[in-house]
């Protein structure tokens with residue numbers, strides 16, 4: 001049976017599964033689903049409804065209402081209000097009811113941490129071979145006949161849009177973009193295989209050889225099993241994960257565990273019926289962290305220590321990604337190994353990547369998954385609209401790219417070696433369970449790391465500060481530089497999302513952008529900076545003269561230091577220019593905005609053109625001097641001064657869904673028009689009439705506003721009347 005036939009047979013077998021009977025409890029849980037991603041496209045009225053429900057919930061708590069029935073009624077009301085926020089225009093990958101588990105299996109899959117680890121990790125030496133079955137989230141396929149399957153624009157843009165392919169050279173082993181790529185935006189170079197060990201003993205291994213169709217390995221063919229990069233389940237050898245110590249009794253110091261006692265309110269600032277895009281991002285972040293308030297999070301945990309938020313809503317993130325969504329994504333889209341998907345393993349202290357060449361077809365991906373490999377999706381927001389909406393909303397609040405990776409791990413497996421990253425990480429546990437261990441940074445210099453580490457060895461790790469299991473609906477935050485590793489339990493798979501923010505967003509990055517300009521300006525305008533070095537400098541300064549105490553050496557050092565303090569203190573305008581350079585990077589990296597249906601009809605994206613009886617094009621919009629407009633998003637543009645007194649308006653509305661696929665978009669504008677841009681930026685989120693723009697005449701106001709609107713940068717207060 002060829003590869004596609006095998007997969008069709010596998011799909012027919014899977015769809016033939018008898019749907020599980022839904023219980024009353026499951027129906028209640030379906031009604032309680034909180035669709036986080038819908039907040040990214042919610043209208044002010046819908047968010048206001050949530051505020052009212054949350055306010056009622058808080059008031060009931062203040063009045064001492066502690067009865068389970070009353071508390072549950074209030075909680076259901078608030079949750080249902082959030083669920084109603086889903087935008088009707090959003091394409092949703094909803095899971096089919098045939099994949100629902102019965103109530104007994106669901107209760108079993110979420111048993112307590114203590115019970116699971118008391119029996120499974122008592123030896124502290126190894127994890128036993130897992131059993132491939134449906135409740136544990138494993139997938140089995142067979143290509144042999146007779147074998148059974150287990151279901152498992154007037155302003156003209158002057159920039160060119162040259163496609164740039166993503167290469168593995170942009171990333172490290174842990175899929176973090178290198179600082180050079182983030183800051184310089186150079187053309188990526190292909191990554192060399194088989195990198196040398198780092199100074200810390202980390203390993204960056206080359207991809208292991210793998211057959212193009214792993215289904216052959218599952219058919220029982222001895223030759224195929226022998227050539228497999230990973231042990232097949234047909235072999236007698238038991239799979240072992242890298243040994244981990246026995247689970248700790250409780251979380252260690254410096255890590256907070258917030259349990260489900262809702263106290264934070266999901267709030268959105270409304271101004272004349274207009275929702276601020278930054279406040280919308282704050283609203284989404286608040287929903288992700290609830291019941292932990294944003295004030296507590298940023299004052300107690302942000303960039304300082306880890307925090308776990310435990311919840312009982314297991315389907316909280318189910319609208320963002322699921323096992324079934326991934327399977328459909330592989331079928332409907334052309335995803336390639338290394339570019340879009342990695343299959344990885346970590347066994348016996350060795351981290352390996354098992355990527356074949358070419359397209360990631362479902363049989364190949366699920367074959368590796370069934371052999372114990374983790375599946376990492378590198379750009380899921382390109383294909384999953386709900387997840388893309390969350391990232392697009394959060395990037396407005398954080399003023400930087402919000403990335404997302406999806407990790408699917410089979411039972412009793414670990415896909416990655418211990419390491420730390422250069423991003424602030426939010427782990428959203430979507431399905432199953434996963435045991436996470438966090439460790440302090442290896443050294444003070446690794447705290448808030450600016451680059452990710454290599455793969456660390458178990459012997460290099462200190463005592464863990466956190467050792468807990470994330471269940472579906474839980475969230476874990478940890479700062480950059482925090483060492484972490486995660487492993488699944490013997491009877492449970494894991495599906496989680498990692499949201500990454502604040503990569504290369506520190507004062508160090510500001511200084512790197514600032515100091516070259518400050519130095520060049522000081523050299524240009526100060527004679528002392530251009531004077532020649534004194535004769536004999538080589539005889540008093542340098543490594544070989546470091547232990548001398550001569551007057552000449554002391555004078556040279558003192559004078560050099562005085563030049564720094566006198567001429568290299570940056571001015572306010574120089575700091576502004578450096579921040580603009582960081583903002584240009586954001587405009588290049590940002591996801592395009594997610595346009596809600598209520599917004600689309602007030603933007604160029606909802607405009608439709610027709611031809612008249614003579615064949616002439618007729619537009620369905622007509623901006624007048626009374627039309628009220630504002631920017632589509634608060635951070636959607638950045639006005640930057642260039643050399644020779646030219647001005648550029650950078651924008652991200654035309655960005656591709658792939659990371660930096662094109663060069664940054666910008667248009668050059670006149671200084672007179674810059675005043676109108678400044679007004680639109682400073683007045684956001686208020687709408688202003690076109691005639692109020694600070695331009696010489698009404699015609700100029702209309703031309704400028706029309707050009708910006710046709711570029712997709714503006715939204716009108718009211719839809720246009722259709723003729």
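Keep in mind that glycine also has a Cβ here, set from the backbone N, Cα and C atoms.
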Given Swiss-Prot lists 419, 421 for Fe cation, the same-site residue among 368, 397, 484: 484
Tally of residues which DSSP labels helix, strand or coil - the domain 'JmjC' (379-518): 35 helix, 47 strand, 58 coil
Cβ packing number for residue 484 (Fe cation binding site), 10 Å threshold: 20
Averaged pLDDT score, the domain 'JmjC' (379-518): 96
Protein Cβ atoms within 10 Å of residue 421 (Fe cation binding site), excluding its own: 24
Cβ neighbours of residue 419 (Fe cation binding site) where a neighbour is any other Cβ within 10 Å: 19
